[in-house]
Structure formats: structure tokens, C-alpha cells
Amino acid sequence: MASSSASATVAVDKATSDLLLGPDWTTNMEICDSVNSLHWQAKDVVKAVKKRLQHKSSRVQLLALTLLETLVKNCGDYLHHQVAEKNILGEMVKIVKKKADMQVRDKILVMVDSWQQAFGGPEGKYPQYYWAYDELRRSGVEFPRRSPDASPIITPPVSHPPLRQPQGGYGVPPAGYGVHQAGYGVPQAGYGIPQAGYGVPQAGYGIPQVGYGMPSGSSRRLDEAMATEVEGLSLSSIESMRDVMDLLGDMLQAVDPSDREAVKDEVIVDLVERCRSNQKKLMQMLTSTGDDELLGRGLDLNDSLQILLAKHDAIASGSPLPVQASGSPLSVQASKPADSSPKSSEAKDSSSIAGSSSPIPATVSTGKSPIDEEYEEEEDEFAQLARRHSKPPASVTTDPTSLESHNAASNALALALPDPPPPVNTTKEQDMIDLLSITLCTPSTPPAPSSQPSPPPPAGSDQNTHIYPQPQPRFDSYVAPWAQQQQPQQPQAQQGYSQHQQHQQQQGYSQPQHSQQQQGYSQLQQPQPQQGYSQSQPQAQVQMQPSTRPQNPYEYPPPPWASTSANAYYTPRANASASYTDTSALAGRSLQQSNSFPTRAGDPQATSTASNSGVSVGQKPFVPSYRLFEDLDVFGSADGKHNKPANSSNGSQNLSGSQTQQSMIGGRKMI
């Protein structure tokens, strides 16, 4: 018994739930079937309904009254007795006297008036119904007028049994209901499970009831059972449904799509429920109509309802809004804002592309609601694809400094940088060769003859003179600083060598050897490589300046630190007929010493090479960098290991000069 009471309470609570927007007819009819099958459940059901009538919510009270009315109309005398005994009528009177919700109050007055009349008034079987009516009437309550087409509470019995199975649905008062028949109401085993022949009127059953005995597990729903009671499809019904839909569409257009609480407004909730109900009715009407025009309009209205309800569900769930069909009737309202969507999308695209090249704000005010903006975002990709040929080409600037140049486009040419000069294909070794080859230049004017004796040149020295012509004249005017004599001269090498030559002109060569070595060697070693290495082109300009001092083409003056040995600085013209095989090694060594910064004074090989080295300087020969400083004697030791007799030195000098020139011209050094 306890389990049956609990199941009855759960069923009543479900049928009268506060979450329902309207009566749950399926649950109500299941409760009626349960009471008709098990009479002793009527007590538990009535008790649960009375408890729901005492609820504070007017919605729950209204649903409980609807369930009670359904039970009274579809159940027998045992339920009528429980309603009179459990003082449900007294509870209904209290609700009316408390001036509760007007809808609940009117519902109670209609039910009490119809019940007292159906049960025979004060002389009837259950006078409790009349007493409740009389109490309300004496308290000054005016009952509403009775409807002439209202269904009776107790349907009178039929005069003859039907010959066929009656067609009908729930809600139709059963014929002859209330007449107790033999075997009626006997509990059946396994109730709730469809049984063979259950619900089908049997021979001798007596008075058949329309739709009575439907099991709870049946797939036939209430909305399908009441399809025959739905009114036919007409233009007026379609227009009324469309008015409700348009009103809901206007309200959804005004709310924020991102605000879920906005759709919980009472008016919006009521309109949504009416639209859902209208959609169900419309589908039922479409199945029964034969007019093509009405069918087309009905299908169009159904599509619009479907789109509108999907939009409401999307806002309520916070999901993205669905894309509307362009031809749907609902999209007519947003047609004007949608016309400007291509322009706004173009403005968004152009502003996003030019965002890196222009500080202009990219916000475009179109005056549309957030819902229209959502639709535009959905259509942007297709709109851009359709307008890809008509959109102007957008210039994308990747330079971050072009923000200012965009505003000053007229001054763009003034800010353009000039083209860089063409690179000079020079290597570090080539620059060093140009610097050190200055000492190999031969003067064109003969210097003053030396007072010291010198051996005559070897025989055959003039035979090969024509083989080594003087190079370009631009290199014949320069004399190495340490090769200059003590005669006063004009300042030479003003760019790069003025400091060294002025110092030599002031002090001359009369100073002791040690002081001259300190002054000349230190200044020669430091300024010349730095200035000549970094600026090789000014050296050619310096060499073109003529010298006014007479020079001897057959000899060089001794350097300041040179020794006083005879024939140490006198060198004949380097044209010897010696063999190349004997002095090939000396020629390589003389080239190293000629290209070094300080050269030993007693080494005739270094000075012999300077006479005919102009050709190699003009053609800029290639010398490996690892051979430039191979024989450099930094400390200037005078041990004499490089000093050789004059005759041999002359031959080696001639050979080394010629061989060095040939080896440099050939691009490599012969050893």
C-alpha cells in the first residue's frame, strides 16, 4: 500500500509540476486509467490532489484543478465518493474566499456549479457538492454563466450497444459512464503492460467507452489522439499564428543575443509557448487540408516558426545563432539591415588589412542591432567571395615604420635613401700589396751622384734594358721617404706621408744613426701602414706630385739607419744577364724584403728590386698573404748575414727584379 501511495503522489506531482506551461494530458489520463483499474488508489490520488491545491503557486493550483476535473469526468462513483469525503470541496471554498488568482477562482466556480447540478442538488446522492455551492452563493459570490456546449459531468447511458468499435479520443465523455457493470474494475495482473484485446470493446461488455483502457506504455500520445478535434486549416487561423510569430520575432530582435536571461521574460516565454503550440496545430492541419494555396502558406508559416524557435533556443543556450535562409519570411524584417552588410563587411575587412599601415580607427558605425551583426559575420565569407572582383586591391604594408609615411605620402620621395655605391671587390691582401708596393716605384729623374765609389755595372747590362720599359708615368714621381737625400725639397705626400717627410726635412740625415733610426723607423712603421692601408687611392694622387730634386736613375740614397759600408746604397740599374736558376731563391727573398715596412740597410737585394717594380705595382699582382712578412727583420740586426758582395748582389738584383716582375705579372711567385 505504501508503494502504491508513493507512486500515486509522484504521478500527481508530475501532472501538476510548476515547470509545466500547460496541462500534461498524457499524465492526467494515465492517472485516470490507474484509478479505474485499481479502485483503492482513488483515495491516495485524491489526497495528493488536495495537497497540491494548498500550494502557494497559482499555476500549480490551476493544474491540480484541471487534474481533478479530469478524474471526476473519467472515473466512477468510488472517486466521486472520495472527493466528497476528503473535504476537497471545503478546500476549494477557502481558495475562493481568499480572493486568490482570478483564473483559479473562476475555474473553481465553474466546477462547483456543474457538479452540484450533475449530482442532483440537495436531494442527490452526494449533497456535499450542493452544500459547497450554496455556501459560496450565500457569501455573495456570483457564478459565471454556464456554457451551452459544455460537456456533462455524467454522460447518460445509450439506448443500444454500438455495432462497431467507436472512434474517438481522450476527453470525450464515455457513454453510460457511471453504470456499474459485472466484472468492472477487477484488477488485472501486470497492469500497464499492453495485453491482447485490452481496450477493445468485448461482446456483452455493456456500454463501451471511447478510448478507455489505453495502457500507460502506449505510443499513442494525447496530441495524436486529439488530432480529430483540431479545427480545419483556414486563412484566419494562419494569420493569427503569423501575428503571434511576428510579435515574438520583434521581441527577440530587441534583446541582446549574448544575454541568456533576456529570453526568460514572462511575455517572451508565453509567446514561445504559443508558437510551439501553434506549430503543432499547424502540422495537424496540414495533414487534413486539401487546398494547395492553404498548404503552401501553411508550410511557409511552419518554416518561419521553425527558424524563430531555433533562434530563441540558440539565445537561451548561448550557442551561435543559426543562419537564416534569405527567402524565409522571417528574414524580411532584417532585409534592410542585411542590405548594408556587404559594405560593413568590406569596411571590416579593409580596416583589418590596413590596421598595420594606418592609425585610422577601424570601427564602422552601421546602426544595426547585435543580431544583425551576428548574421553579417556568418555571411562575411560568402559575401567576400562574391565581391572578390569588385573590391579594390588593398595594399598591405609590412614595415612597422610606415605608419608615419602613410600620413605623409607626398613626402615619400624626399625620405627615400639613395642607392648605395657599388661595392669594391678588393681583398685585404690586395690592399696590403698596394700599400707595400709604394717602395718599388722608380723615379724618372736621376738623383744626385753619390760621392762614394761604386763598381761598374756588369758587362751586358745594357743588352736587356729594352725588355723592361718604364711603366705608367703616374708612378715615376714618387720616392720612398727613407730613400730621399738631405737636400731641401718641397713637401711631398701631403695626404698620408707629410708627417714623416716634414720630420725628415727638419732634422735631415746628419743626425746619428741611432736617433735617425728611432725617428724614421717609428714614424715610418706607424703612419704609413695605417694611412696607406685604409686609403689606397690617395697614394696614387701623392705619387703623381713631381719632385724638384734631381735624382740619379742608377742609385738610391741610403736609409737613415743604413750602415756606412761602401756600395751599400749604390745600386746599378737592375738589368743583369745572370741565370735564373742561380738566383731564383734570392728573387723570392728580395720581394719579401721590398714589401716589408723597414728593410735592412745592408741588404742590396731589397734596393735592387725597387728599380723595375713599377710594372708590378701598376698591374696589381697577386702575392699570397702568408709570404709578405716571411723575412721581415724587425730589429734591424747588422750581422751581415744578408750582405753579399757587390758583384753577386748586382747579378742577383737584376735577376730578382726581372724574375719578380715576371712572377708578379704571371699571377704567382716563382720560387
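Backbone N, Cα and C atoms are what each Cβ position is placed from, and that goes for glycine too.
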* To do: Name the residue among Ser147, Ser341, Ser369, Ser454 that Swiss-Prot annotates as phosphoserine.
  => Ser147
* Where Swiss-Prot places phosphoserine when the choices are Ser277, Ser356, Ser596 -> Ser596
* Structure fact -> Rounded mean pLDDT within the domain 'GAT' (229-317) lands at 85
* To do: Count up the helix, strand and coil residues in the domain 'VHS' (15-144) according to DSSP, in that order.
  => 94 helix, 0 strand, 36 coil
* Asked: 10 Å Cβ neighbour count around Ser147 (phosphoserine)?
  -> 9
* Asked: Helix, strand or coil at Ser147 (phosphoserine), per DSSP?
  -> coil
